[in-house]
């Protein structure tokens with residue numbers, strides 16, 4: 001019996017040792033490949049940035065406007081252009097079958113859509129753009145925003161993490177602020193005209209709200225960190241696209257879940273934040289957590305709509 005025990009222990013040791021060696025080799029190989037890819041990509045990005053920088057002869061104001069206004073603006077309108085085609089025509093069916101609030105905006109009212117587009121353009125041109133002027137001088141004061149050397153990938157990730165935390169804090173509390181009865185009536189009610197939102201509605205808001213809740217939470221992180229213009233441009237583009245996804249009304253495969261904010265538009269007094277952390281801490285997601293929408297609040301990794309795989313509970317007959 002003792003001999004069998006030692007034999008079993010020797011076999012186990014060999015298996016574990018072999019497994020450890022294989023895992024170590026795999027991790028080392030993967031790390032080497034990832035480092036090689038990043039070195040190549042980093043070199044490409046650095047070269048492209050220098051070409052871009054010298055093309056504009058180091059004109060910092062032009063580079064700043066392109067990075068903060070033009071590139072994110074194009075990302076916003078290109079992404080929402082696709083969504084608006086689906087909203088108006090119901091095509092491609094691949095998109096519309098993922099609608100969250102079934103029967104709503106099917107198709108979207110074109111008169112309301114035009115109004116939303118006008119307001120969104122007004123906010124971008126006449127509210128956000130003037131705010132970039134003081135931001136430009138703050139970034140120049142930091143001194144490294146227009147550096148010829150790009151930040152490292154790891155520092156870029158640190159930047160994005162801090163941007164997201166600052167946005168979550170500022171957006172949550174300013175959003176709750178404009179839900180106070182007086183401010184809601186005169187300011188925030190405009191945004192909530194859409195109980196079933198669409199992508200472009202993400203910046204359909206009163207100018208005061210656009211300053212407080214849409215623009216300042218996104219701008220503050222880069223100003224605190226003194227970030228590079230490339231990092232700012234990527235962050236602004238990501239922020240506009242993710243807020244469009246949150247408002248788009250479709251739970252599309254492989255994209256972040258919009259169920260959280262869609263529920264806010266449906267119920268008004270739940271789900272105020274972006275990440276949901278402060279909602280959890282303040283208990284402003286308790287109703288949401290008891291719904292099928294919460295069960296659907298995940299990244300869809302298949303092509304079957306979650307409205308089919310996790311349908312609403314049928315209402316009891318009166």
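Keep in mind that glycine also has a Cβ here, set from the backbone N, Cα and C atoms.
Just so you know, TrEMBL annotations never went through curation; they're auto-generated.
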Quiz prompt | Feature transmembrane segment in TrEMBL, mapped to one of the ranges 116-138, 185-207 | solution = 116-138
Quiz item: Of 90-110, 153-173, which range does TrEMBL call transmembrane segment?
Solution: 153-173
Quiz item: According to TrEMBL, which stretch among 35-60, 61-86 corresponds to the feature transmembrane segment?
Solution: 61-86
Quiz prompt | Sequence-remote partners of the transmembrane segment (61-86) [C-beta within less than 8 Å, at least six residues beyond its ends] | solution = 52-53, 92, 95-96, 108, 113, 124, 128-129, 132, 135-136, 139, 145-146, 198-200, 203, 229-230, 232-233, 236-237, 239-241, 244, 248, 250
Practice problem: Write out how many residues of the domain 'Fatty acid hydroxylase' (162-284) are helix, how many strand and how many coil, based on DSSP. | Solution: 86 helix, 1 strand, 36 coil
